[in-house]
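These notes are about the structure you will find just below.
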Amino acid sequence: MIGTISEWLWWDRLWLPGNLTWADLKDEEGLVYARASHLYVTVPYALVFLVVRYVFERLIATPLAASLGVTEKTRYKVEHNAVLEHYFITKSKHPGQADIDGLSKKCSWSSRQVERWFRRRRNQDRPGVLKKFREASWRMVFYLAAFIGGIIALYDVSLSSSHILLHRIVVFLLLQSVLDSQYWYYILEMSFYFSLVLRITFDVKRKDFKEQIIHHWATLTLLAFSWCGNYIRVGTLVMLIHDSSDILLESAKIFNYAKWESTCNGIFVVFAAVFIVTRLIMFPFWIIHCTWVYPPDYYPPFFGYYFFNFMLVILLMLHIFWAYLILCMVKMFLFGSVSSSTFKFGTSFFKNCLV
C-alpha cells in the first residue's frame with residue numbers, strides 16, 4: 001500500500017516532462033540536483049530559528065523598543081470569579097444576552113457587572129504592544145537578511161537586465177544543478193516559515209488568523225513542490241521579489257508601534273510602490289510570462305508545468321486584490337479622499353497589516 005502510494009506520488013510524469021526521468025537527475029561529476037530528502041533538515045533548523053528568535057526578541061528587540069519609547073501599558077487584572085472564568089475559558093469570550101442574564105443570577109451580579117467583567121477579561125488577554133513590536137522586528141530582520149541572501153543566490157541574475165537573459169534563467173531548465181547559495185536560500189526560507197507555523201498559536205492572533213495558517217502552509221507547499229520538481233531558479237526569483245516588499249511592511253509596523261505616524265505612513269507609501277512594481281509588473285510580465293510561454297519550446301507540457309503556473313496565477317490574483325486595497329490607503333494618506341465603503345474595508349486591511 002505505502003509502496004504503491006510512493007510510486008504514484010513520485011511518478012515521473014507528475015513532476016517531469018515526457019522526455020525526462022528521475023534517472024536523468026542523478027548527481028554526477030560534482031553536480032547536485034534537488035532531492036526531497038534535502039528538505040528533512042528544515043525541521044531541526046526551524047527549532048533553531050525558534051531559539052534564535054527567543055534570544056533576539058529579548059536581547060535586541062526589547063532594548064530597541066525601549067529606545068523608541070515602546071512600553072507596555074499597565075493592565076489591571078479582573079476580579080477573580082470561578083463561574084465567569086470557567087465560562088470564559090470553556091464556552092465563549094463573547095456571551096450573548098441570555099447567557100449574561102443566566103451568569104448574573106449564578107454570581108448574584110447585575111448584567112452590567114457581568115458585561116464589564118467579560119470586557120475587561122478580554123482586554124487582559126490582548127497582546128501588548130511590546131510583544132507585537134518584538135515579533136515585527138524579528139520578521140523584518142529575517143526578511144532583510146533573506147533579501148540579501150536571495151541577491152547572493154541569484155548573483156548571475158539582474159532583474160534590470162534584458163528579457164532574453166531572464167528568459168534563460170527562469171525557463172524550466174530542469175537539468176540545472178543546485179548551487180550552494182540556492183540550497184541555503186531555500187532551506188532557510190522554508191525553515192523560517194515552518195518556525196512560524198510552530199509558533200502561530202503563541203504569536204499575536206489577528207483577525208486573519210486562519211488566513212495566516214493557510215498562507216504559511218501554502219508557502220511551504222509551493223516551496224517544497226518547486227524544490228522537488230527542480231524549479232529552483234523560478235522559486236528563488238519569486239521569493240526574492242516577495243521579501244523585498246515584506247521588509248518595508250514590517251518596518252512600517254515597527255514605527256506604527258512606536259507611534260511615529262509620519263514615518264510609518266511614509267514607509268507604507270514606499271511599500272505600496274515596491275509592492276506594485278515587484279508583484280504587479282515584475283511577477284506577471286517577467287516571471288510568469290517566462291514560465292508560461294518559453295518552457296514548451298524545451299519540453300512538452302506536463303502536469304507540473306500546469307500546476308506550478310496555476311499556483312503562480314492564483315498568487316497573482318491575490319496580489320491584484322491586495323494592491324487595490326493598498327492603493328486606496330495610499331490615496332487616503334496623500335489626498336484624504338476615498339469612498340466610505342472602500343475606506344472601511346481598506347482600513348480593516350491596513351490595521352490587519354500594521355497591527
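Keep in mind that glycine also has a Cβ here, set from the backbone N, Cα and C atoms.
Record features, source TrEMBL:
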| type | residues | note |
| --- | --- | --- |
| DNA_BIND | 69-129 | DNA-binding region |
| DOMAIN | 67-128 | domain 'Homeobox' |
| DOMAIN | 131-335 | domain 'TLC' |
| TRANSMEM | 37-56 | transmembrane segment |
| TRANSMEM | 141-163 | transmembrane segment |
| TRANSMEM | 183-202 | transmembrane segment |
| TRANSMEM | 267-294 | transmembrane segment |
| TRANSMEM | 306-327 | transmembrane segment |
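DSSP places the residues of the domain 'Homeobox' (67-128) in helix, strand and coil in these numbers: 36 helix, 0 strand, 26 coil.
Over the domain 'TLC' (131-335) the predicted model carries a mean pLDDT of 79.
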